[in-house]
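Positions annotated as substrate binding site by Swiss-Prot: Gly44, Gly45, Arg66, Asn158. Positions annotated as ATP binding site by Swiss-Prot, on the basis of sequence analysis: Asp181, Val182, Ser183, Gly184, Ile185, Leu186, Ile209, Ile210, Thr211. The site 'Transition state stabilizer' annotation in Swiss-Prot covers Lys8, Lys217 and rests on sequence analysis.
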Amino acid sequence: MMNPLIIKLGGVLLDSEEALERLFSALVNYRESHQRQLVIVHGGGCVVDELMKGLNLPVKKKNGLRVTPADQIDIITGALAGTANKTLLAWAKKHQIAAVGLFLGDGDSVKVTQLDEELGHVGLAQPGSPKLINSLLENGYLPVVSSIGVTNEGQLMNVNADQAATALAATLGADLILLSDVSGILDGKGQRIAEMTAAKAEQLIEQGIITDGMIVKVNAALDAARTLGRPVDIASWRHAEQLPALFNGMPMGTRILA
């Protein structure tokens, strides 16, 4: 039997009805023809940004990571574990998929500690207990997990969703796909790079070809590949017809090698 698969959703996917329709149609097709257990992990930067804008709150980033002051963590939790998570559950319901909404702290699935005081309520994710999610998977549910976590001291933390997905993949012994707006990592000429090693990534970062949020994504994928001891795919949701093959292990974007 294949390992479970974690599909991490990112970019504007949550903001686009067309993207969600393509994704959930592909999930329905895949679940009808394959037995592989699936888990969705999501962030929702665009949902948070819209909310912050509406509330006239500043968005600060440091090295591609969102700074989360104490007076903003409740708002961000509401956006990610509330709006973003329940939007995905609503799409699952619309497509007759039995889904369960979770956050990283449920069942202690992912352990979270504070990453850096300067970043505020931003968490570092580490593997936790697989019991709850395995139980849901065994009963045919699709877990949909937001990237909000909680420390042992009971502090809510905003966790980078790529890193949250990596920690959960390590917890479950699962494979990982990072789905976003881009078809993979592009070279300086806009061409997709099929495979990427750490050395190649460092070279492209030095050359300024991989920048900003993509640095965080590539580093998260490299970290994931090292942690999991197997390749991690960065791919796009745009080609819905290719998604079932991607979910089954066919490389469609950039395959990150440990």
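Numbering starts at 1 and runs along the chain as displayed.
Positions of Cβ are set from backbone N, Cα and C atoms, glycine also.
As the structure is a computational prediction, the values presented were derived from the model and not from experiment.
This view paints the features noted in Swiss-Prot onto the structure.
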residue : record                             : contacts (Cβ under 8 Å, 6+ apart)
Gly44   : substrate binding site             : Leu14, Ala79, Leu80, Thr83, Ala84, Ser146, Ser147, Ala161
Gly45   : substrate binding site             : Gly10, Arg66
Asn158  : substrate binding site             : Arg66, Thr68, Ile73, Ile76, Thr77, Leu80, His121, Val122, Gly123, Ser147, Ile148
Ser183  : ATP binding site                   : Arg192, Ala235, Ser236, Arg238, His239, Met252, Gly253
Ile185  : ATP binding site                   : Arg192, Ile193, Met196, Leu204, Ile210, Met214, Val218, Ile234, Gly253, Thr254
Ile209  : ATP binding site                   : Leu186, Asp187, Gly188
Thr211  : ATP binding site                   : Ile205
Lys217  : site 'Transition state stabilizer' : Gly10, Asp162, Leu178, Ser180, Ile234
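The Cβ of Arg66 (substrate binding site) has 21 other Cβ atoms within 10 Å, all protein chains considered. Residue density at Lys8 (site 'Transition state stabilizer'): 30 other Cβ atoms are found within 10 A of its Cβ, drawing on all protein chains shown. Following the DSSP three-state reduction, the secondary structure of Arg66 (substrate binding site) is strand. Note: the Cα of Asp181 (ATP binding site) and the Cα of Lys8 (site 'Transition state stabilizer') are spaced 12 Å from each other.
Within 10 Å of the C-beta atom of Asp181 (ATP binding site) sit 13 other C-beta atoms, taking all shown protein chains into account. Secondary structure at Asn158 (substrate binding site), taken from DSSP and collapsed to helix, strand or coil, is strand. Under the three-state DSSP scheme, Gly45 (substrate binding site) falls in the helix class.
Residue pairs drawn from Asp181, Val182, Ser183, Gly184, Ile185, Leu186, Ile209, Ile210, Thr211, the listed ATP binders, are separated by up to 17 Å at the Cα level. Annotation note: Ser183 (ATP binding site) sits in a coil segment as assigned by DSSP.
The substrate-binding residues named in the record, Gly44, Gly45, Arg66, Asn158, extend over a maximum Cα to Cα distance of 12 Å.
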